[in-house]
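Copied over from Swiss-Prot:
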type    : residues       : note
BINDING : 156-212        : ATP binding site
BINDING : Glu286, Asn288 : Mg(2+) binding site
DOMAIN  : 130-315        : domain 'ATP-grasp'
Amino acid sequence: MRKKKNLKIGIVMDSITLINIKKDSSFAILLEAQKRQHEIYYMEMNDLYLRKGQSYATTKSIEIQKNQNNYFKFIQKKDISLNELDAILMRKDPPFNTEFIYATYILERAEEKGVLVINKPKSLRDCNEKIFISWFSRFTTDTLVTRKLSKIHNFWKEKNDIILKPLDAMGGKGVFRIKKDDPNFSVIVETLTNYEKKYCMIQTYLPEVQFGDKRILIVNGKPIPWSLTRIPKHGETRANLAVGGEGRVQKLNDKDWEIANYLAPILKKRGLILVGLDVIGDKLTEINVTSPTCICEIEEKKNISITGILIDYIEDKIYK
């Protein structure tokens, strides 16, 4: 093992000016890194660029603190080669669009030069958070991915109660429930598919959502033993915290462990080091790989440092 040094850790995220530090997982990760004396380099997606095949970014070194009124301070702004960093956390929220994909190409050039990128850029492209569950259909409800109105209509008539989701969003955005004989079926489907120009996901509605949508975190191939169960507010189909769901920390049950233990080594092999599984009842509904959340809520209630496990992994990889 080589002599330990203070690491240079970059992060690509949405504007830090807009976060709630009590709930923001990216902030919690940076706080743990700073506590260990590592240098933090802040970037937004439009700061990344390529020149002569080399990846660069306009970075800001940053200091942070737990004070919502004054929680960050930029120290120095400069352009650097991403090769100068030891690790980069790609924590940009969806939409998962072509701009996001282009950013992963830039990060992949740094990865090829030896920079540790979490999560692995290629796997961020390959593992769409909605579609990726199709590789694990033994754990999912009946799921259709299509942009054909006729196929969605037939699925609806077969199931009577369905959920429709865009493939590139997050936080419950654009999610619709269509019950039997809903007169709004056509307008919802036409809007989501943009008149058969965009794919969407259609799933059988799971009534168990009234008891919560569980977020199960997996770090470096190991499931965290507690989930954050998000309970929908009254009259709401979606349980996401972003739309008013209530969070409760609960132990994983036997089915949760079965799903998490099956997926964990597969995710690690793909370089997906920090992942959030969404489970309703005993069904896997999404695999969140871009910027999984709910770290703060679990750490607040339980004696576990999820951020510490992640930074331990980064240090072990760099120091080995």
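Quick reminder: no glycine exception, Cβ is built from N, Cα and C everywhere.
Counting every protein chain shown, 22 other Cβ atoms lie within 10 Å of the Cβ of Gly212 (ATP binding site). Ranking the binding-site residues Glu196, Glu286 by other CB atoms within 10 A of the CB puts Glu196 at the bottom. Rounded to the nearest whole angstrom, the C-alpha distance between Leu164 (ATP binding site) and Glu286 (Mg(2+) binding site) is 13.
Cβ crowding, taken as the number of other Cβ atoms within 10 Å, peaks at Asn288 among the binding-site residues Thr204, Asn288.
The CA atom of Trp156 (ATP binding site) is located 20 Å away from the CA atom of Glu286 (Mg(2+) binding site). Geometry remark: Glu286 (Mg(2+) binding site) versus Gly212 (ATP binding site), CA distance 14 Å. Cβ neighbours within 10 Å of Trp156 (ATP binding site), excluding its own Cβ and spanning all shown chains: 21.
Taken as a whole, the domain 'ATP-grasp' (130-315) shows an average pLDDT of 94 in this prediction. Within 10 Å of its Cβ, the residue among the binding-site residues Leu164, Ile188 with the fewest other Cβ atoms is Ile188. For the recorded site, Asn288 (Mg(2+) binding site), the DSSP three-state label reads strand. Taking the C-alpha positions, the distance from Lys180 (ATP binding site) to Asn288 (Mg(2+) binding site) comes to 30 Å.
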